[in-house]
Structure formats: C-alpha cells, structure tokens
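K.L.:
Feature list, courtesy of Swiss-Prot:
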type: TRANSMEM; residues: 27-47; note: transmembrane segment
type: TRANSMEM; residues: 53-73; note: transmembrane segment
type: TRANSMEM; residues: 100-120; note: transmembrane segment
type: TRANSMEM; residues: 121-141; note: transmembrane segment
type: TRANSMEM; residues: 149-169; note: transmembrane segment
type: TRANSMEM; residues: 175-195; note: transmembrane segment
type: TRANSMEM; residues: 215-235; note: transmembrane segment
type: TRANSMEM; residues: 237-257; note: transmembrane segment
type: TRANSMEM; residues: 273-293; note: transmembrane segment
Amino acid sequence: MAIADLTLSKSHAGSWRRYYELGKPKVVALILFTALVGMLLSVPGMVPWHTMLFGLLGIGLAAASGAALNHVIDRRIDAVMDRTRNRPLPTGQLETQKALVFAIAMGVVAMGILVLAVNVLTAVLTFFALIGYAVIYTVFLKRTTPQNIVWGGLAGALPPLLGWVAVTGQITVEPLLLVLLIFVWTPPHFWALAIRRREDYARAGIPMLPVTHGVAFTKLQVLLYTLMLLTVSLVPFIIHMTGLIYLVGALALGIGFVFHAYRLWRSPDDRYAMPTFGYSIFYLTAMFALLLVDHYVRMMMA
C-alpha cells in the first residue's frame, strides 16, 4: 500500500511538472520582470500592493496561457526539432486536449483577474498580446515569412506597457519606448539562436531567416539591428525619462551587444551564435534593472 501511494505521488508530481513546463516558466519570468519594471517606473512613489499582485498574476497567467497554446499548436513541429522534441506533447507525456483545456483556463482566469482587480485597458492589451503571440505569430507568421519574429515580436514586447497601464490606466510615451526597446531587441536575440538551430528549423519547414536567406545575411541583420538597438536605447535619456546612470549603463551594455554581433558577423562559422544569444538575454535583463536603479536614485536625489 505504501509503495502504491508513493508511486501515485510521484505520478502526480510528474504530471504537474509537465503542466509547469507548458507555461515556459523562464520566459514568463522575464515577461513578469519587464512588466514589474513598467509598474515601478510609472509612479514616483510606491505601487499599490494589490495592483502589483493582481496585475502580475494576471499578466503571468496570460503569458503562461500563450506559451501553453504555443505548445499545442506547434506540437508536430516540436516533434521533429532536436531542441523541442522532448517537450510534454511530442513525447506523449501529456494529452493535447488536456493541455488545450489548461491553456484556455489560464487565459480565462487571467482576463477575469485583470478586468475585476486591475482595469479593463490592461485586460484588453493583455488579450491582444495573447492573441498576437498564440495565434497571429504561432499560427500564421511563424509558418509563412522569414520576418516572422520581427512582426510577431510586438506581442512579446508589450509587458512593460501592460505593467505601466495596470498602475496608471493610461498609455503614454514612456512605456511605448520600453516596448520599442524590446521590439528592436527581439530579432537579433532570436536570429542568433536561429543561426545555430537553422537545420532544426529547415527540417520543420519553418522559414526562419537563416533558412531562407542564409547565415551570412542573417549575421548582417543581427549586427544592423543591434546598432539600431543601441540608438533606440539612448532615447529615454534624450527625452529626460532617465538620467546619467542609465545613459552610462545603456552605452556600456549596448557596446557589449554590438561587440558580440560584430564578432558573430566576422566569424566564418556559427561559433559565436550562442554567446550572442546568451548575451542578448543578459542585456535585456540588465537594461531593465538599470532603468529601476536610475529611477530610484533620481528619486532619492530629488
């Protein structure tokens, strides 16, 4: 009896881990961090705890819902790609119908929380972000154009705006700049990974840029977008949204990103693709942390 109970307990634990994996927790964590920064930058003082709690809960559940829907829609593609073939749906560890119900349930709960406990505008924007990622990007753009990640990246760039609007109820230029920062960051981030995984994408029939236009062209695009990102990152300082701490940090981080992109471009192979991809994650996290540090230092000095 004890052995049977232990086996059942392990089975339940494994099942919950598979549902947890459906939500892409690492991606959701970065989304929540950028949304939190949007919240904290939106006001000079403290954000009301209930707005922060329910705002992040709703945004996080919506992001996890979109991730789970992505698992469901891409299950056949995932099965032929080395990077994704061990996910719960391709391996049969989780039934597609259960995953779909789980994804929809999270989305419904997320919308309910945002409408009832935050504000309608945040709920509407979050809904559009969810549909933009799970439907427009995953179903259409990803499968039809090498510019998929450019236009599809807008949905993934919205979390700072969602956080800002959750607190203020308004759309202003400052959160739109944060959206622009992530929007321009997205192509070099994903294309660096796509260079390394191009054979995977080709096997799955996904028209990622390295598959359709070649590695050399993609490397050049990574460099050009990184230079564009460096320029965009200076705009918050130019419009007096940030101070000198941000300016110095943004320049240092941006030059570091350009260095990685330039090294990738000059390399005769793809050896620097994953280091560039890794730095891109560090860059975005550090940039948003830098925005917070600059914000609170300027508040203390005011």
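Cβ coordinates come from backbone N, Cα and C, glycine included.
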K.L.:
With the transmembrane segment (121-141) as the reference, find which of 53-73, 149-169, 175-195, 237-257 contributes the most Cβ pairs under 8 Å.
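P.N.:
The stretch with the most close Cβ contacts to the transmembrane segment (121-141) is 149-169.
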K.L.:
Where else in the chain does the transmembrane segment (27-47) make close Cβ contacts, counting only residues six or more beyond its ends and a cut-off under 8 Å?
P.N.:
55-56, 59-60, 63-64, 67, 156, 159-164, 166-168, 174-175, 178, 182, 281, 284-285, 288-289, 291-292, 295, 299
K.L.:
Any chance the transmembrane segment (53-73) and the transmembrane segment (149-169) are in contact, meaning at least three CB pairs closer than 8 A with a sequence separation of 6+?
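P.N.:
Counting Cβ pairs under 8 Å (6 or more apart in sequence), the transmembrane segment (53-73) reaches the transmembrane segment (149-169), since there are 3 or more.
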K.L.:
Other than its close neighbours in sequence, what residues sit by the transmembrane segment (237-257), given a CB gap under 8 Å and a spacing of at least six beyond its ends?
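P.N.:
That would be 173-174, 177, 188, 226, 229-230, 279-280, 283, 286-287, 290-291, 293-295, 297-298.
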